[in-house]
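Student: Pulled the feature table from TrEMBL, pasting it below:
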DOMAIN    2-82  domain 'GST N-terminal'
DOMAIN    88-208  domain 'GST C-terminal'
Amino acid sequence: MAEVILLNFWPSIFGMRATIALEEKGVKYEYIEEDVINNKSPLLLEMNPVNKTIPVLIHNDKPVCESINIVHYIDEVWSDKNPFLPSDPYERSQALFWADFIETKLCVCGRRVWITKGEELEATNKEFTELLKTLQSELGDKPYFGGDKFGFVDILMIGFYSWFPAYEKFGNFSMESECSKLMVWGKRCMERESVAKALPDPEKVIGYVLLLKKLYGNE
């Protein structure tokens, strides 16, 4: 078995984080694509028996699960290059706060955008755009959430950029008019090789969401 293996699924925002983190650190790894919809591999079930989800980072035959935990782990193990988290305790605490905001609020609401119908969809769209505006306010005029440096929060957030067209299509709103600064930030992040390699074609994401809607009987 390779020293570093990443079990992943291409449309997953969570999986994109792990890929970007490894690429940013220049870590050599083996990528294994999982079919999490129809056929989870025995390796995935063995390495993440609790949640049975991707991504899973396997380092020296030991699994590390959950994307934020994985990014943190990569940052600590390969600490000699390109640190993700600030060294200042206060700035570090703020980065972790926004990481939690993205995980517990934005990720949850984002899923509801494409799965919700009718009057509930309007309320969900409003909630989602307000969350994005809150993040945009935190970004301000900085190039990245980490200031002048692409960092922890950027890694956790940038996967949404490839999903924005899907949110627009199924949520019926415009990211450009609602959150233009986030769009500029996303384009800037896409100039990084690590991000460009990790993020899928937005049109493929739309196709994936259509498949999910069909599977959930939500067409």
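Every residue gets a Cβ built from N, Cα and C, even glycine.
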Student: Give the residue counts of the domain 'GST C-terminal' (88-208) per reduced DSSP state, in the order helix, strand, coil.
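Tutor: Summed by class, the stretch gives 96 helix, 2 strand, 23 coil.
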Student: Please compute the mean pLDDT of the model over the domain 'GST C-terminal' (88-208).
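Tutor: The average pLDDT of the model in the domain 'GST C-terminal' (88-208) works out to 95.
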Student: Count up the helix, strand and coil residues in the domain 'GST N-terminal' (2-82) according to DSSP, in that order.
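Tutor: Within the domain 'GST N-terminal' (2-82) the tally stands at 30 helix, 19 strand, 32 coil.
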